[in-house]
Amino acid sequence: MAAPKVAVVGAGVIGLSTALCIVETCPSCSVTVLSEQFSPNTTSDVAAGMLIPHTYPGTPIHVQKQWFKETFTYLFAISNSAEASEAGIHLVSGWQVFKNTPKEELPFWSDVVLGFRPMSEAELQKFPQHQFGQAFTTLKCDCPPYLLWLEKRLKATGVQMYTRKVADLWELHSEYNIVVNCTGIGAHQLVGDKKLFPVRGQVLKVHAPWVKNFIRDGDGITYIYPGIHRITIGGTREKENWNLSPDPGTTKDIFDRCCSLEPSLQGAQDIKVKVGLRPSRQCVRLQREVLSQGGVKLLVVHNYGHGAGGFSVHRGTAKEAARLVRECIAALQGASSRAKL
Ligand code: FAD
């Protein structure tokens, strides 16, 4: 059989990392990325890119932990290499603080991040409205540089990238053997997935280089995440809200909430407002599907629905999607040798 032709649809963190894992683990494939938008115009560009997992209620915890661990290990190696600054990957230490002690004092990911421990009384004095906290070191992706780094690596291996909106996965069947669907919230329309819904997030990207530690309120809504050049402060979680326009009232509310956690942010400058739609679902859709029309089959692998945690698990889910692509290739090769008999 000729080299299998694989189309990856989507160029956010999920599409690009999935394309890279396919290239790394199936070198005989010819891989093309097709996407309506590339960086800097994806949801992935808006994200803070912190490696603190979100919990998917429909996915077993050991699977989520495996995805997170694989992602952490992969990015930790980049952060410890000469590529770190170009890839926008760095270690960041800080605190997650709670107004009331949470039921689960040890989250499932506590032994994956570095140096996880309860905060001391002295540290908690920085947060007079909070009574419990956890200190740890994790990784952060500066999202647009990381996406560009992934694109550069893909181009270096010969992957072609085209701007194209796909209206129906079937339109790809004459050109490709396997289609990998990494369209994020776009899958709502593309494959009519009614279990997928947007959770709108508004954030501010500010210049405040004196803030070095991350601070996250345990409710997950208010956070301060320092990047290499700018700080992402947030945020909102608005279920089923498709509005991509920034709301000025929300901007003021975010700024006030973050200043109450870190008063020195009052001096922040060059405030830019961004909005993104988290592609949310009870569980990530990571599965094979065979589409069939008039006796013609199209092999599809879905990898979308990462909600609030796409950066935290992207490498783990990309590896699993690449494994599913290898299963599809084995099925194609089996069918091709049977046809020759
Ligand atoms: P996207 O980045 O949306 O990419 C989808 C791609 O598919 C795009 O290129 C799009 O153009 C393309 N596409 C869609 N439909 C079609 C079509 N029909 N044809 C062709 N192309 C199509 N996660 C974390 O882990 N840590 C964080 O700190 C974090 N912070 C966040 C903060 C905010 C405010 C938001 C909104 C999200 C945050 N997230 C965070 C979540 C993270 O951003 C998402 O989980 C992740 O970006 C999803 O990536 P994706 O590649 O699936 O989607």
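Just so you know, glycine gets a Cβ as well, placed from its N, Cα and C.
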Identity of the FAD-site residue among VAL31, VAL63, VAL166 (reference: THR43, SER44, THR183, source: TrEMBL): VAL166
Other parts of the chain folded back onto the signal peptide (1-19), taken as Cβ under 8 Å at six or more residues beyond its ends: 26, 28-35, 37-39, 42-44, 47, 141, 143, 146-147, 150-151, 154, 159, 161, 166, 169, 172, 175-184, 186, 190, 303-304, 306, 310-311, 314-315, 317-318, 321-322, 325, 328-329, 332-333, 336-337
Site extent for FAD (largest Cα pair distance over THR43, SER44, VAL166, THR183, Å): 19
List of residues, in chain order, with Cβ under 8 A from that of VAL166 (FAD binding site) and at least 6 apart: VAL9, LEU34, GLU36, LEU172, THR183, LEU190
Mean of the pLDDT scores, which run from 0 to 100, over the domain 'FAD dependent oxidoreductase' (5-324): 97
For TYR223 (D-dopa binding site), the number of other Cβ atoms found within 10 Å of its own Cβ: 24
TYR223 (D-dopa binding site) in three-state DSSP notation: strand
